[in-house]
Amino acid sequence: MKNKLSKYFDVHKPVFWPATILIVVFIAVTLIVGEPMEKIFADIQGGLSDYAGWFFVLVTNLFLVFCIVIGFSKLGKIKLGGKDAKPEFSTGSWFAMLFSAGMGIGIIFWGVAEPMTHFLNPPQDVNSASEAAENAMQFSFLHWGLHAWGIYALVGLSLAFFAFSRKLPLTIRSVFYPILGDKIYGWIGDVIDVVAVLATLFGLATSLGLGVKQVNSGLTYLFDIPDTVTTQVLLIGGITLVATISVFSGLDKGVKNLSELNIRIGAIFLIFIIAVGPTLFIFDSYIQNLGNYVQNFFNLSFWTESYAMEGEGGWQNGWTVFYWAWWISWSPFVGMFIARVSKGRTVREFITGVLLVPTLLTFLWMTAFGGTGIWVQLNGIADIGPDIVANASTSLFVLLEQFPFTGIASGIGVILVINFFVTSSDSGSLVIDSITAGGKLDAPVGQRIFWAVSEGGVAAVLLIGGGLTALQTAAITTGLPFAFVLLLMMFSLYKGLMKEHARGLAEDKETDFAAYQDKLKNVIGKRSSKIEKNEEG
Amino acid sequence: MKNVLVFMDMSKMDEIVLKQVKQLERVWGFDKICLMHYIELQELTDDFSTQFPDLDKPLEDILEDEIVDTAMKVGWERDDFSIKIHRKGGKDDLTHWVNNSDYNLCVFGKKVINPGSGIFASKIARLIDKSILFTTETSRPNFDNVMLCVDFSSYSKKAVKFLNHFIPDSASNFSLFHVYKVPAIYFPFVKQKSGQLVEEEKKKAEKALDNFREKFTKQPKSNAWVEFADGQPSDKVIYNYARTHHVDLIVVGIKGKSDDDDLLIGSVAEKLIQSDRHVPVLLVQ
């Protein structure tokens, strides 16, 4: 019986059970409390972002600065996987994979909605519409740019370093080896992994929830299916089922192909909007937005909305703080992915690649979709603003309506989101699975299905319990404790890299091979003469 | 658990090391001893294989035989020890293997007179995170007087724990040693290291060492000495004291108070294991 079960379940119990129980309790409480839960979520979100907002702003800056400093110090020369490690993927395909890490449900959901919303409700004081547009793009860049990737780079680098160079299991606790030593295998390690699992799961559920809202809006647009929570829950059920079946039937390769297909569709989609949209405007504004981002980088990164009038403010809580928490909470997910493709890269290559490649792509996406939205509004071609502000998940489809091939493009948009849902759910469960199985990579399929179903379940419950607010609350609540884990991680990674650097210097000392060879000859010679003597005797 | 991994370098030194380990086993008692040799040449060069075209056994087996011969020669029994010849994967693999094994003490022979650079030992010592004993060929096969150098850092506590675990209660004469200095900050104000100041610092040091002894050691009656550095580096004071007081083994933490991440071995430990020092040293991780 036990053997039969372990064919499907091979878990590290002290991580698996606490994580599972906490999730089940969360789901149960939300469902039992019902309606009032929405207010509770809103209160938690409000409270946490009021009091911890500055903290999130501070630590994300810290993580980014840390990554840049590490990457360009003497530690940058350290190779992930040891001195002789060769990169598993060519630089070209490595870039492609980093690109794909940057693509996801979030960017499709917010690509149009975010710049448009900022444009219509400028977060900072602006004097003209064009200033509002610039400001909107800057904030969108801030949220999706270097800071997000600084967080992922920190987690990814830590995981890659300790898994490949120190040969520890590929799980979050391993990162704390320099601080905790063998205690990472004890209860402290278990606690760290439980926090990581919860953060990843809720971060992922936030993405899935956003994705399904958008799928729903798309279907409403195309087929007039009602846009309600019930539909969304049904959709989650359906899509999770498809994802589960594909995992269960051993269609791992299928999922891989699916995600490659996804990137291609995404690329075509991007090219499509650049082609049918205001092409010249998109290129023009891409350059200008990049310049503005660089110019206002420090101002924006450290802006905490401190001087807003009493009772005004609150803008940042819903946006910047939410994003920082969201990125932090699902950093194990992205981090694990970029770690696994980066063996054999130097720290410097890693930091440069991870910070720049996905960032530039995301900026292009934001400019192409959000910028085009602003262009439509700014030039009075159509008044799409009110619809977008009323329901962010319709934004993509509202925009596409302004351009040719609306039906096909919207259809592709829906397929893209569903596709991302399936692949995120699948790879997300792989990550959580690996953490709850103590770092094993090939844990049994049964477990992955369990986690895929849990992610879907949590996303559904969050939608029932309070829609978008609940999703944001989930990200912020799990992001906060994990931010502390990341702070420690920074310290630990620094210690580990310093030691690796010293080891590298020690290893470089010349070995006297000639002397050693003489010694071996001596031993063999002695033996030969012994054999001869025996033969003579 | 007292599992010992002895590194053999296939030279004359091996006999001396084995004699000393045998002696140490008699006083300390070990659970498991493994004699280990690491083949440094990843691929044997052409020159080597042409010279010995018809080896009837793999090199590993020949080396194993040689180690057995050496061990027998100095009076070991065959079932006293196991043998491990490590070949694959380079030093990285070797250190990974050692670090993940259940051996908690590694022994290296440190050459003072016999030819050989000893680079291998000092390199591996930096890479592994186990406690390491460096013996010298000039030391007597005798470990009666053990001296632990204490600087009150967390490493000193680890070192004393290690000794409590490894040394049976009545086995060795165990003493604590601390080098004290007069903080440099005083000098501009006091002009000279007045005798009174040194005396005060000495009292403080003695008290701290007494506390340390009572708190951490199993042998509360063990000796505790403090010595004034008087401008000399700590390692020199320790070494001179050990030479003049018939200390058979100096024990230090692998690092000390200034726990720098980019140092694998602290400066005092580093100097004590230099090739021209004659007293065996145990570095505790």
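The chain as shown is numbered from 1 upward.
Every residue gets a Cβ built from N, Cα and C, even glycine.
As given in TrEMBL:
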- A:15-34: transmembrane segment (TRANSMEM)
- A:54-73: transmembrane segment (TRANSMEM)
- A:94-113: transmembrane segment (TRANSMEM)
- A:144-164: transmembrane segment (TRANSMEM)
- A:184-212: transmembrane segment (TRANSMEM)
- A:232-251: transmembrane segment (TRANSMEM)
- A:263-283: transmembrane segment (TRANSMEM)
- A:321-339: transmembrane segment (TRANSMEM)
- A:351-376: transmembrane segment (TRANSMEM)
- A:403-422: transmembrane segment (TRANSMEM)
- A:449-468: transmembrane segment (TRANSMEM)
- A:474-494: transmembrane segment (TRANSMEM)
Considering pairs 6 or more residues apart, do the transmembrane segment (A:403-422) and the transmembrane segment (A:144-164) have at least three CB pairs under 8 Å?
no
Contact check, the transmembrane segment (A:54-73) vs the transmembrane segment (A:474-494), 3+ Cβ pairs under 8 Å, seq sep 6+
yes
For the transmembrane segment (A:449-468), give me same-chain residues lying six or more residues beyond its boundaries with a C-beta closer than 8 angstroms to one of its C-beta atoms, as numbers and ranges.
9, 20, 23, 26-27, 30-31, 33, 37-38, 41-42, 201-202, 204-206, 208-210, 212-213, 229, 232-233, 236-237, 239-240, 243-244, 247-248, 392, 425-426, 428-429, 432-433, 436, 474
Are the transmembrane segment (A:351-376) and the transmembrane segment (A:263-283) near each other by the rule of at least 3 C-beta pairs under 8 angstroms (pairs 6 or more apart)?
yes
With an 8 Å cut-off on Cβ pairs and a sequence gap of 6 or more, do the transmembrane segment (A:144-164) and the transmembrane segment (A:474-494) reach 3 or more such pairs?
yes
If you count CB pairs under 8 A between the transmembrane segment (A:15-34) and each of A:94-113, A:184-212, A:321-339, A:351-376, A:474-494, the winner is A:184-212
Mind checking which residues of the chain, 6+ beyond the ends of the transmembrane segment (A:184-212), have their Cβ under 8 Å from one of its Cβ atoms?
12, 14-15, 18-19, 22-23, 104-106, 108-109, 168, 171-174, 176-177, 232, 235-236, 239, 326, 328-333, 393, 417-418, 420-421, 424-425, 428, 431-432, 435-436, 451, 454-456, 458-459, 462-463, 468, 470-472, 474-475, 477-479, 481-482, 485
